[in-house]
Amino acid sequence: MYTIFYMSLNDLTSNEGALSKTGLSHPVLFFIWGTLVYIALYINIFSLAKTFGRITSFHIIFAVSALIGMGLTLFFKFDYSLKTQYFLHCAGSLIFSVCTGVAVFITYLSGFKKNVFNAVLTMIIGVILLTDLILLIIFKQNALIETVPVLFALIAMPVTLAYNQYRKKNKEFADAS
């Protein structure tokens, strides 16, 4: 919900509405947004990884790298006149986005064969990530393009956890009968 609130602070479809640009006028809200998004995504990634099998060293590496990336994004300004800060901010944003996108996709890939639901979501996530990359290259960043993968992951991962938990309980109940 906070992500939707934060997105609404600026134009969703223009470069001026990029989440980092909004952060220039709302630095505290940007810091809160980045912190909450990181925590929510990685709690869900680790929970899903555990549900699908185990948390691997890849998950840890991506989580630490993404944390460093988010730290750079939050602590350095998206202000081109401050070239070093701008570069560090953009590098951090890229590191966070790539590591988190790959972590979500790899996690779903590890659950691909468990059931059709997981397989379909894995494919949808792959399509969203590729489409988002293409749209970012064509249109540059804006709040809508930047946020779609995050919002989808924040919705899909808890739903996936609940679905897999439900299936597991039903299977245990059926096995007990």
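Glycine too: its Cβ is placed from the backbone N, Cα and C atoms.
What TrEMBL records for 28-48 (among others) is transmembrane segment. Here the transmembrane segment (28-48) has Cβ contacts under 8 Å with residues 2-3, 6, 9, 19-20, 22, 55, 59, 63, 66-67, 70, 73-74, 96, 100, 103-104, 107-108, 111, 150, 153-154, 157-158, 160-161 of the same chain, all six or more residues outside its ends.
According to TrEMBL, the feature transmembrane segment maps to 60-80 (among others).
Nonlocal intrachain contacts for the transmembrane segment (86-109), taken as residues 6+ away from its ends with a CB within less than 8 angstroms of a stretch CB, comprise 20, 38, 41-42, 45, 48-49, 52, 58-59, 62-63, 65-66, 68-74, 76-80, 118, 121-122, 125-126, 129, 149, 153, 157, 160. Residues annotated as transmembrane segment in TrEMBL: 86-109 (among others).
What TrEMBL records for 116-138 (among others) is transmembrane segment.
Taken from TrEMBL, the feature transmembrane segment applies to 144-163 (among others).
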